[in-house]
Amino acid sequence: MAKRPYHQSKSAKRQKNAAKPANDGSNEQVLLLDVKSLLSRYKKVERPAETLEEENARASPLPVHVPPERFSEIDVKISELSSTGDGLGLSSTLDHVYVVPFTIPGDFVRAKVVTYFPQAGYTLTDFIRVISPAPQRDDSLVKCPYFSKCAGCQIQMLPYELQLQHKRSIVEKAYRNFSSLTPEVIPTIGETIGSPLQYGYRTKLTPHFDGPPGSMTRKAKRDPLERKGFKTVPPIGFNLKGTRKIIDIEDCPIGTDAVREGLQRERKDIAADFAKYTKGATIFLRESTLRRPKLVANDVTVESAVHGDGEKTSTKDTGPSPDATNEISIKNDVKHTNPLRSEYIDEKTCITDQRAISTEYIDNFEFKNTAGAFFQNNNSILPKFTAYIREAILPTTQITQAKPIKYLIDAYCGSGLFTITLSSLFQSSMGIDIAGASIVAAKANATANNISNASFMTADASKLFEHVKYPPEETVVIIDPPRKGCDDPFLQQLLRFGPRRVVYVSCNVHTQARDVGVLVEGVEGCRYEIERLQGFDFFPQTGHVEGVAILARSDVAGKAE
Ligand SMILES: C[S@@+](CC[C@H](N)C(=O)[O-])C[C@H]1O[C@@H](n2cnc3c(N)ncnc32)[C@H](O)[C@@H]1O
């Protein structure tokens with residue numbers, strides 16, 4: 001690979017990235033496609049003049065965009081909301097787009113020019129203020145004092161119903177722009193399923209702070225003793241939108257109460273000790289749940305008394321307990337059968353050590369995980385989400401020629417969320433993940449939840465095809481890769497294996513659309529149809545959406561399911 005010239009500036013690199021072909025699902029590519037689409041709708045038409053007036057008007061050259069000076073202020077009318085969560089407004093010459101964060105269609109705003117991308121046809125700006133608001137803007141909905149500065153959330157001013165509609169259009173555009181499929185094979189995108197909690201939902205936050213100014217001199221890099229501590233408490237928080245500068249964030253209302261309290265504690269500790277820090281750091285905050293059942297005298301047979309320290313005592317839980325007052329801990333055998341307990345107390349704590357074990361309860365299954373390993377960040381929506389997948393993963397109508405589906409492969413399984421919550425639907429399940437710590441957790445979670453029909457393997461997802469013994473026509477594969485999506489060797493092997501159904505879950509609907517395009521196009525003897533496409537709002541107030549695609553093999557005999 002050619003070396004980047006030493007003198008090439010970051011800005012030159014960003015210019016190059018902004019002109020890259022749209023296939024990697026990055027923010028830049030998604031933005032570029034939205035810009036091109038907006039410009040194409042206003043393109044100056046090259047056709048012969050139809051009237052004398054038109055001919056005369058054409059005699060004077062069309063005005064072309066003259067880029068405003070860097071850091072100058074401009075006024076922009078926003079005409080659409082891009083899939084990146086930024087407002088887009090056309091220049092008065094209709095041939096250039098201003099990208100203004102924290103705005104929605106209909107806003108007329110003042111913005112500061114930051115970076116001009118002539119080839120890509122847009123300029124990034126900083127939002128300054130609203131001159132006249134869009135009818136749909138409701139600033140009373142904004143719950144965070146850092147909104148419109150912090151890079152974390154983009155659309156707090158948009159009523160929730162409209163956030164969900166916008167996310168549906170993100171999924172729609174993703175399949176239009178990234179899947180290379182013709183519109184006939186893309187089903188109508190379902191309504192976005194909302195999050196029960198629209199604030200206070202995020203179970204993980206990672207605010208950070210930079211090292212003291214001048215702490216990383218060449219000398220200090222070589223010798224830590226050369227490093228100097230802070231003279232004042234550093235800003236601890238998240239990046240200022242569009243920059244790498246950290247702004248001080250005292251509270252983050254999209255976080256759960258436990259992680260918000262954790263943030264307060266960590267900030268206090270760092271403030272007390274700030275002079276000792278010679279390097280920047282990331283603060284890790286992950287919610288964890290301590291679940292304890294309640295004792296109800298009428299419904300529960302108490303076998304021994306509660307200890308003041310909450311140590312294990314025994315009980316039999318026989319039903320709901322509206323008048324519960326005492327608390328007891330749960331007997332091991334009861335816990336392992338995973339009963340749908342009607343009464344328990346969940347105590348939430350905040351873990352700050354990434355190596356510690358966090359516990360979450362989803363559909364009353366217990367998930368323990370190394371806190372720093374992957375786990376979904378919005379627990380409030382997970383029961384709706386797993387219920388949807390349970391309902392959609394198997395064919396709705398069984399055809400006589402086809403064998404029933406008995407096997408599940410959970411590629412990119414993490415600590416076993418899908419393998420475990422779906423295990424009762426299958427005779428046997430297998431999970432695979434590249435992270436060894438997640439596989440250790442997945443095995444322990446299966447055991448703790450009394451699931452004996454699941455096995456797990458640490459490996460690259462594409463290796464699973466070397467090991468799998470399940471007959472493809474009786475198998476479903478669920479895929480939930482990281483943002484970059486699946487690599488081609490994985491998709492080609494998946495097509496060669498040819499499972500009866502595929503469920504593709506992703507936090508990046510653009511790479512999902514690209515990969516689903518490959519599966520629908522298929523190979524000789526194996527291609528897929530898209531049964532359903534739908535977004536889930538795992539990330540309220542932000543421009544992100546989780547996509548679910550349900551695919552069925554279209555060339556299985558008697559495919560009338
Ligand atoms: C979005 S998470 C999904 C985890 C799980 N399905 C869940 O919902 O908790 C993606 C997972 O893919 C794993 N991963 C990343 N690259 C992988 C690869 N090449 N092969 C297998 N797993 C991979 C990560 O370790 C991570 O656990």
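Each Cβ is built from the backbone N, Cα and C atoms, and glycine gets one as well.
Per TrEMBL, the feature region 'Disordered' maps to 1-27, 306-327. Under the heading compositional bias 'Basic residues', TrEMBL lists 1-17. Per TrEMBL, domain 'TRAM' is recorded for 67-129. Annotation comment: TrEMBL describes 306-315 as compositional bias 'Basic and acidic residues'. Among the features that TrEMBL reports, S-adenosyl-L-methionine binding site is placed at Gln376, Tyr412, Asp433, Asp480. Here TrEMBL flags Cys507 as active site. Taken from TrEMBL, the feature active site, nucleophile covers Cys507.
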Checklist outcome for this item: Rounded to a whole number of Å, the separation of the Cα atoms of Asp433 (S-adenosyl-L-methionine binding site) and the residue listed as 'active site' comes to 17
Checklist entry - Which one of these binding-site residues, Asp433, Asp480, has the sparsest Cβ neighbourhood, judged by other Cβ atoms within 10 angstroms? => result Asp480
Checklist outcome for this item: Long-range Cβ list for Gln376 (S-adenosyl-L-methionine binding site), cut-off under 8 Å, min separation 6+ in sequence, same chain only, gives Leu382, Leu417, Phe538
Checklist entry - If you take the centroid of the Cβ atoms of Gln376, Tyr412, Asp433, Asp480, the listed S-adenosyl-L-methionine site, which other residues of that chain have their Cβ within 8 Å of it? => result Phe374, Asp410, Cys413, Gly414, Leu417, Phe418, Pro481, Val505
Next on the checklist: Using Cβ atoms only, which residues of the same chain lie under 8 Å from Cys507 (active site) while being at least 6 residues apart in sequence?
Outcome noted: Arg483, Phe538, His544, Glu546
Checklist entry - DSSP helix, strand and coil counts for the domain 'TRAM' (67-129)? => result 0 helix, 33 strand, 30 coil
Checklist entry - CB neighbours of Tyr412 (S-adenosyl-L-methionine binding site) within 10 A? => result 22
Item to check | Confidence summary (mean pLDDT) of the domain 'TRAM' (67-129) | outcome: 96
Checklist entry - Could you give the maximum C-alpha to C-alpha distance in Å for the residues Gln376, Tyr412, Asp433, Asp480 that bind S-adenosyl-L-methionine per the record? => result 15
